[in-house]
Amino acid sequence: MLEITLLGTGSPIPDPDRAGPSTLVRAGAQAFLVDCGRGVLQRAAAVGVGAAGLSAVLLTHLHGDVLITSWVTNFAADPAPLPIIGPPGTAEVVEATLKAFGHDIGYRIAHHADLTTPPPIEVHEYTAGPAWDRDGVTIRVAPTDHRPVTPTIGFRIESDGASVVLAGDTVPCDSLDQLAAGADALVHTVIRKDIVTQIPQQRVKDICDYHSSVQEAAATANRAGVGTLVMTHYVPAIGPGQEEQWRALAATEFSGRIEVGNDLHRVEVHPRR
């Protein structure tokens, strides 16, 4: 069984009720933080997960809204290196983040006798193929389409016969269909293009170019034959009592289980027999 927790269901648009985009996937004793938008460390703390409890951080792309909480560490005296898996460019972003916190790191090393080095991090960059295989949990990567943001990737996590695919920001594409084929669950970002296109600001309308609508995400789930569609990264934010509107739109393209939730919404994923 895999457990999905929507830590942050928001978008780059500030929302007092939604943290930035991030999803926690638990696979047995392992836990993976997929993207890490603003406020996600607080959301992770709410479900009892700290930096020391993470097996790895997985980044689908390098847009700022999924990187705001990229400073993930703990106060252990000798922590194991934290793996960060992302597309090419991830190492540069991590290096820049460590540099930005250089003064803070120096202050803490000077203050605490048991801290002698910056936090250990292992960066692994992928565009496709296997990315993880430990203790019965595997992760596979495939390219997605969020151009002009490139490269971008999605992740397929498998454990004990259950599988979940995390698409990140993307428009429909063959590589995502292939990655998600037969998965038990697909976590997909969604926007309401019918609403966004009515906003009289071109920069806002532009986001329709490289995100999937609710119906497009649902059609991807249908083509891939997944069991459950989990929607997240809602643009605009879902208001109270509006969840059924979004679910109904998805249901026009996908007849399986559809999950729409606020931050901290949990979904259990079991292998389909």
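For all residues, glycine too, the Cβ spot is worked out from N, Cα and C.
Annotated features in Swiss-Prot:
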- His61, His63, His146, Asp169: Zn(2+) 1 binding site (BINDING)
- Asp169, His233: Zn(2+) 2 binding site (BINDING)
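Features recorded in Swiss-Prot, as mapped to the structure shown.
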| residue | record | DSSP class |
| --- | --- | --- |
| His61 | Zn(2+) 1 binding site | coil |
| His146 | Zn(2+) 1 binding site | strand |
| Asp169 | Zn(2+) 1 binding site | coil |
| His233 | Zn(2+) 2 binding site | strand |
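Geometry remark: His61 (Zn(2+) 1 binding site) versus His233 (Zn(2+) 2 binding site), CA distance 14 Å. Between the CA atoms of Asp169 (Zn(2+) 1 binding site) and His233 (Zn(2+) 2 binding site) there is a gap of 9 Å, rounded to the nearest whole number. Ranking the binding-site residues His61, His146, His233 by the number of CB atoms within 10 A of their own CB puts His233 at the top.
All protein chains shown were included, and the count of other CB atoms within 10 Å of the CB of Asp169 (Zn(2+) 1 binding site) stands at 26.
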